Amino acid sequence: MVSFYNSSGTQVTEFLMICFPGMQDTQQWLSIVLAPLLVLALGANFVLLLTIWQEVLLHEPMYYLLAILSVLDVILCLTVIPKVLLIFWFNMKPISFVGCFLQMFIMNTFLPMESSTFLVMAYDRYVAICHPLRYPSIITEQFVMNAAIFIVFRNLLATMPTPVLAARLNYCASNVVENCICANISVAKLSCGDIRLNKLYQFVSVWCLLGSDLVLILLSYCFILRAVMHLKSGGAATKALSTCGSHLILILFFYTLLLVFIFTNKAGKNIPSEVPILLNVLHHLIPPALNPIVYGVRTQEIKQGIIRLFKYQR
């Protein structure tokens, strides 16, 4: 177990989270938006998971991948947003060292897991459109199991050093984190040690994981568009693109919001510090709320399954 001491030699046992340093008087109004979005995100994902579980017609690899995405969304939501709301409503700013680094670990690991899930889903759509006759033999339940193992271990091994490196620093100064969450750099900069390695590893790991996923996703959709353009039937082309529509919408939203957060965070003093903090919080809430809704509205099988689910409950 790692011990932490402040400058007076007294052991420090917790951090204090100061969400929006310049908006202390108005941050409670933000909870009016965050709380309903949290309820929507959790409710929509649980309904989607229950629908996939109960509907035999949805026991297919494509929907299993969607279930994995929902589980990751729920975990990310529950890791970040409840603590933010507790700070807003009850001024519960303290968080233990163990709790802080656990939150850091989950955020740094499960966010790339979500990106990897999008990558596997893109491959699923690529096979379905470019190699439809081979789809049943390639995209199987065993494929989903192997993909899940790949998603977990690839991101677990790559992101584990981030909280470990942060936890090994000597925290001898302030314990006030000017953020709503235990982000790696927000916590590490409170230490008295050299954090260049922390910054470098986070930069490399983020761009290697998320960057490679995004490149491969874009590449798969280039192959998909090329295959669609060679279809002679306009109706077949429309149907092929419609099967990718929901997935493409979620990918664009996920990576757009993520890239905006990264670039605003790098802008430093040119942008108010509250902006990247807010974007980071919203990135743990809006995609989880959006993902099941987009698939529920645009996918006929899921829509019918949800309708049958509520009829059965009555």
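Glycine is treated like the rest: Cβ placed from N, Cα and C.
Marked as domain 'G-protein coupled receptors family 1 profile' by TrEMBL: 44-295.
According to TrEMBL, the feature transmembrane segment maps to 29-51 (among others).
Residues or ranges marked as transmembrane segment in TrEMBL: 63-89 (among others).
When Cβ-Cβ distances below 8 Å are used as the criterion, the transmembrane segment (95-113) is approached by residues 2, 4, 12-17, 72, 75-76, 79-80, 83, 151-152, 155-156, 158-160, 162-163, 166-167, 177, 181-184, 187, 202, 205-206, 209-210, 213, 284 of the same chain, each at least six residues removed from its ends. The feature transmembrane segment is assigned by TrEMBL to 95-113 (among others).
If one looks beyond the transmembrane segment (133-153) by at least 6 residues along the same chain, the residues whose Cβ comes under 8 Å of a Cβ in the stretch are 61-62, 64-65, 68, 113, 116-117, 120, 124, 127. Annotated transmembrane segment per TrEMBL: 133-153 (among others), in sequence order.
Within the chain, the transmembrane segment (204-228) has long-range Cβ neighbours (under 8 A, six or more residues past its boundaries) at 108, 111-112, 115-116, 118-119, 122-123, 125-126, 129-130, 154-155, 158-159, 161-162, 237, 240-241, 244, 248, 251, 255, 258, 262. Per TrEMBL, transmembrane segment is recorded for 204-228 (among others).
The annotation transmembrane segment is assigned in TrEMBL to 240-263 (among others).
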